[in-house]
Every structure is written in C-alpha cells, then in structure tokens.
Amino acid sequence: MGELNRTIMKSQNTFSINVLMKGYCLLSLLSVVSITKATAIYTTVTPDTNWYNYLTYSFSLLTIPILLFAFLKRRKYKGIHFGYVIVYLLCRELIRWICGYSSIFDSNYFEMFFILTQSLALCITVCVLCKNQVAKIEKFLDYYVIFAVASQLFRAVLGFTTEGRLGALGLGVGGTGFFLASYIILLVYTRTFDRRFTFLFITAFVGLLLSGQRTNIFIMIMCLLPFVSNNLKKIMKNHLELQVGKSDKYKINFLVLMLYISVFVVLIIVALDSFGIQIGFIEPIKRLSESVTQIFIGSVNSDISILGRQASIEAGMKTLEENMMGLSNDYYDLQYWMLQYGFPTYPHSTLLASVLLWGPFCALFCTWYMCLLFYQLHKYKSQMRYVLMFLIIVSIIWGGPILVEPQFAVILIYLSIAKIKLITLRNCC
C-alpha cells in the first residue's frame, strides 16, 4: 500500500510540474514587452546610424527556466535538431571575424542567436512536456490560439492597433496572421469535426481577419483548395457514404457556411463605409475587402503594400549580388545594406533574408529539409504535408528575418510534428 501511495504522489507531482511548465511556456509565447524589458539582462536597441527603429530586443531572466529545462531534457526530444544549425551559424560568425569580415563579434549584436536559441528551447520544452505525442502538442497549440486571439481582443478594447490591424501579444501583426493561417490548415486537414473544431476554427478565423494579413490568408485559401476540391469530387460522384466520411462532409459544409458569412460581413463593411460609418476593429477586414476588389478590377500592381514588397525584394537581391556568401547574422548589418539600395528595413521574403543573414548554404539547406519533409509526408499521403506546403510557400514570398521567438518557435513545433508523424508512419509500414 505504501508503494502504491508513493507512486500516486509521484505521478501527481509530475502532473503538477507538467501543467505549470506548459502554462509558463504559454506565458513566454505571450511575452509582454514591458515585463521582458523590466527583467532583461541583455538589451539591444536600434543604433543611431539606422533611422528606422524596428528591432529592440531584451533577453529576460524569465527565459532561463525554459532554457535549462530544454537543455536537461534535450535527449527526450524527437523533433528536428535545429541546434546544429545554431552551432553552424556561430562557427560561421567566428570564421568571418577571424577573416576580417563583418561579424557579431565586432558589432556585439547577439540578439539573432538569442532569438533562435529561445525559439528552439520553447519547441523542445513543449514537445518533451507533451511526451512527443502529436495529439498533445496540437492541444497545446489549441490553448495558444485561444490566448493569442483573446490578447488581440484585449488590445482592440485598449485601442492598441498597428495601422488598424491587431496582433497578438508576443507575435505582432505579421506573426499573428502567419500562426493563425497555418493553424487553420492544420485544423482542417488533421482534426475531426466536432464542437471543439468549430470553436477553434471560428476563434482562429476571427483572429486571422483582425490581423489583416492578406498574403497569409490568400496562401491559406490556396492550401485549403485541395481538401475542398477532392471531397467535392467524391460528393459529385454520388459515393458520399463510401468515399467521404461524415467529419469531412461536415467540414465542407462548415467551410462553405464560413465563406457565406465572410462575404456577408464584407458587404456590411462596404455598406457602412459608403455611409461614412467607421468602426475601429473592422479596419483589418476592410483592408482585406479592398485587396479582393483590386484583384477583380486588375489594379493589384498599384497596391502600396505590394509595391513596397517588390522594392524590398529588389534591394535584397542587389545586396546579395554584392555579398554572394551572405552578411553576418546581424539584423542591423542587413538593414545598413538595404539602406544603400533605398529600402529602410529588410527583404519581405524569409528565404531571401535567411540567405543574406545565414549564408546561402545554410538557408538553402533548411529550405531543402522542409521540401524533403513535405515530399516524404506526401509519399505517405499524410495530411500534415499541407501545413509544410504553407510554410514553404510563405517562406519564399512573405516574411523577413526571424525577429520574434514565438513565431519561429511555432515553425519549429510544426516541423517537429511533421518529423514525429513521419517516424510514426515509417514504423507502421
């Protein structure tokens, strides 16, 4: 009896620590800038030579428990081993420094490495706490979606918007749109239709609209088309009961319903705008409706955002022509070169920005690895391949340097889910 009681007590303590650590990870993902600054042991600010103040980074004491947990439990982690990439990048910086090229060891700007390390630590911690079980990791992401969208609504109440758009705490506008769009793809392709699915889909969809991230929304729709078209074909052949499960049938009906509701909401917004009625929180949706209108009337090329994206890519390509082996892994070094070609920030392409900051070999290897994961999942007809498809497309035509830990942690978690699923599929065959 005493042995049984000790076992029960041990399992209860383990459960409590597990729940506390998961909650701590959620708080880290929803990091509040003021708290991070107040507990910072390392801080960088934009130098005076750069007029565009984009990145102010603080390494907080609150991150240390997650770093320690990830280091101690790293052998239990079954996701992707991004730590080797970080080691490679550090060695690359050291070689650049020895050879007299620009390096973080000269500039003393180490924020990029802190961001990469924190992101990996968060990914390892989440996967280990969830025992590398996909269902548990996805459940953690469910809670993250709920808290992220709740923080958006909280910011809406306080009036904290970015050009009329709303980002979640810790993610910003772009990161919020990216996370919620990729999450919706994961939800539609891998989850069973039920009340939980409905609640999570509506929550993520509302948050995505509030973020006003047009590129992510359009790519998400592209990635959802195979699901809708494949199942609609089966329905049209009148073999519904044999070929389309009830869950997929309900999902299609639900997606069609959401489409109708979206069109109805856009029409209401257009009507309100025509009468001069302005409502703050619908500005992101209005922005999306304007994009759709531009597509239909053929005036996309005049969109300021698209023109800015094009200019950033051109400046990035010119920077690459001058630095074929890349720059140092320092955002300000990249910004300096971009300014030389008339653009104040960075290339709006994660792939191009990574080629410049990490060097072509490392950046292209990481892209190749994602494509390889996609191909292997495609061979096993895993639905997770559509999330990988989204990540690959977005990395090419959207984004920029990795500047926030939560966004990159989400990417690593998705890739870890893909790898764990692939291992499971191989073991089953």
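Each Cβ is built from the backbone N, Cα and C atoms, and glycine gets one as well.
The feature transmembrane segment is assigned by TrEMBL to 21-42 (among others). Same-chain neighbours of the transmembrane segment (21-42): 58-63, 65-66, 69, 110, 114, 122, 125-126, 129, 140, 143-144, 147-148, 151, 168-170, 405-406, 409, counting only residues six or more beyond its ends whose CB sits under 8 Å from a CB of the stretch.
Summarising the annotation, TrEMBL assigns transmembrane segment to 54-72 (among others).
The transmembrane segment annotation in TrEMBL covers 84-104 (among others). Proximity of distant same-chain residues to the transmembrane segment (84-104), defined by a Cβ-Cβ separation under 8 Å and at least 6 residues beyond the stretch ends, is recorded for 110, 112-113, 116-117, 120, 327-330, 333, 358-359, 362, 366.
Annotated transmembrane segment per TrEMBL: 110-129 (among others), in sequence order.
Residues or ranges marked as transmembrane segment in TrEMBL: 141-160 (among others). Tertiary neighbourhood of the transmembrane segment (141-160): same-chain residues 22, 26, 29-30, 166-169, 171, 176, 179-180, 183, 186, 196, 200, 203-204, 206-207, 210-211, 280-281, 410, 413, selected by CB-CB distance under 8 Å and a gap of 6+ residues from either end.
What TrEMBL lists as transmembrane segment is 166-189 (among others).
The feature transmembrane segment is assigned by TrEMBL to 196-211 (among others). Within its own chain, the transmembrane segment (196-211) is flanked in space by residues 142, 145-146, 148-149, 152-153, 156, 165-168, 173-174, 176-177, 180-181, 183-184, 187-188, 217, 220, 251, 254, 258, 262, 281, 284-285, 288, which lie at least six positions past its ends and keep a Cβ under 8 Å from the stretch.
The annotation transmembrane segment is assigned in TrEMBL to 217-232 (among others).
The transmembrane segment annotation in TrEMBL covers 252-272 (among others).
Per TrEMBL, the feature transmembrane segment maps to 351-375 (among others).
Annotation source TrEMBL lists transmembrane segment at 387-417 (among others).
Within its own chain, the transmembrane segment (110-129) is flanked in space by residues 18, 21-22, 25, 28-29, 42, 44, 55, 57, 59, 63, 66-67, 69-71, 73-74, 76-79, 82-83, 85-86, 89-90, 104, 137, 140, 329-331, 357, 401-406, 408-409, 411-413, 416, 420, which lie at least six positions past its ends and keep a Cβ under 8 Å from the stretch.
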